[in-house]
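Asker: Per Swiss-Prot, transmembrane segment is recorded for 22-42, 60-80, 94-112, 145-165, 196-216, 224-244, 257-277, 284-303, 308-330, 351-371, 391-411, 435-455 (among others), and the stated evidence type is sequence analysis.
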Amino acid sequence: MLKLIAPTIMLLPLTWLSKKHMIWINTTTHSLIISIIPLLFFNQINNNLFSYSLSFSSDPLTTPLLMLTTWLLPLTIMASQRHLSNEPLSRKKLYLSMLISLQISLIMTFTATELIMFYIFFEATLIPTLVIITRWGNQPERLNAGTYFLFYTLVGSLPLLIALIHTHNTLGSLNILLLTLTAQELPNSWANNLMWLAYTMAFMVKMPLYGLHLWLPKAHVEAPIAGSMMLAAVLLKLGGYGMMRLMLILNPLTKHMAYPFLALSLWGMIMTSSISLRQTDLKSLIAYSSISHMALVVAAILIQTPWSFTGAVVLMIAHGLTSSLLFCLANSNYERTHSRIMILSQGLQTLLPLMALWWLLASLANLALPPTINLLGELSVLVTTFSWSNTTLLLTGSNMLITALYSLYMFTTTQWGPLTHHITNMKPSFTRENILMFMHLSPILLLSLNPDIITGFTS
């Protein structure tokens, strides 16, 4: 794992030692080279030889998420150039350092084999994200959003620490591999039920589950572009990853404890999709659509079949790329119109035809049109929820319909219609932006040719 962690850490001195005109080029090219390294983890003859150490290891569940994390750093750097154009050099370097340190803590979270180390890095991801939101957000409300984000996540994850200490005292180890091999079946008791809640609540807040989701729209709307991209694409996936890892230890409690949360996630999926239909703020709409997609992932993980785990991993990767792309497009609109309100940026297709094409492709990917991997993920989850209970087909089917409605509503409102009067001086789309959109879309389409890469450890 050092071959991935060490080059990422070396991005920090590279950032601070780069000259003014080279800072973007150096960080982008080096982070792109680093994003190739996780591809090596697929070619493992024997898992123990290459990727396992006492502290960090990778497996087919970790590797797709590592690919997503490393792929997104160069994209966030490319997306942030315009946002930081008026900042002094030291602030640019600090911003990039925050993004790099966030990536380091994410890589270590995904690869940690000790659960206490996993918990420490899981919490460490909060600090750079909080600094990015509260320092570089656009509106004064960013401080309120940062407070919501911090306290929701901390309150959710403190019981997890207590549960981990309890597990260590009873079993004598917190190594994930040892626990999965030696885990005993937990008897159904009040204490064990509370421990199950403590284990899963931290991840349900992070996902977020409907009812615990209030921090997410605030954080998304107030965050700068890189904050929104990392939050939607990778930080929400920490919740899914943690749940999948720890569900193996908590059997068979999940079977009867999961019912209320399954019902809540399926209900929340419909609710947040419906809320998206009534949004006027573009970033808020994308944030609520994220909650809706992650509710499907929660449902899939709680059902606990190999097919549902596969669907959850595919949907997490697909959603990470799609939501990041949508935030990039929303940011390109915001940089030109200086407004997130959709009605004020309508009719942009006549001025930016190529950007309208990216909008169309992103909207179609969001509503899971073939041949995107979003369709594979949604169909897998839909089939598993149907096999768990036939009545869920009504909910998941209507959710797919509402998703199509708000995706097309978002596209038509921003691209069609008459131009508004305040749009007088509009810059054309830059090559940097077009490359950025292409680099988001190409994995979504290419992974559908070989989805084995991202189907997780159950394939």
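The count begins at 1 with the first shown residue.
Note: Cβ is positioned from N, Cα and C throughout, glycine not excepted.
Keep in mind the model is a prediction, meaning the values are calculated, not measured.
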Asker: Could you give the residue numbers and ranges of same-chain residues that sit at least 6 residues beyond the transmembrane segment (351-371) on either side and whose C-beta is under 8 angstroms from one of its C-beta atoms?
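Answerer: Tertiary neighbours of the transmembrane segment (351-371) are 289, 318, 321-323, 325-326, 329, 332, 377-378, 400, 403-404, 407-408, 410-411, 414-415, 419, 423, 426, 428-429, 433-434, 437, 440-441, 444-445, 448.
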Asker: So, do the transmembrane segment (308-330) and the transmembrane segment (145-165) meet, by the test of 3 or more Cβ pairs under 8 Å (sequence gap 6 or more)?
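Answerer: Answer no: the transmembrane segment (308-330) and the transmembrane segment (145-165) share fewer than 3 Cβ pairs below 8 Å.
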Asker: At an 8 Å Cβ cut-off, counting only pairs 6 or more apart in sequence, do the transmembrane segment (391-411) and the transmembrane segment (257-277) clear the bar of 3 or more pairs?
Answerer: yes
Asker: The transmembrane segment (284-303) and the transmembrane segment (257-277): do they have three or more Cβ pairs under 8 Å, with pairs 6 or more apart in sequence?
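Answerer: Between the transmembrane segment (284-303) and the transmembrane segment (257-277), which are separate recorded stretches, there is contact, as judged by 3 or more close Cβ pairs.
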Asker: Between 196-216, 224-244, 284-303, 435-455, who has the most Cβ pairs under 8 Å to the transmembrane segment (145-165)?
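Answerer: Stretch with the highest Cβ contact count: 196-216.
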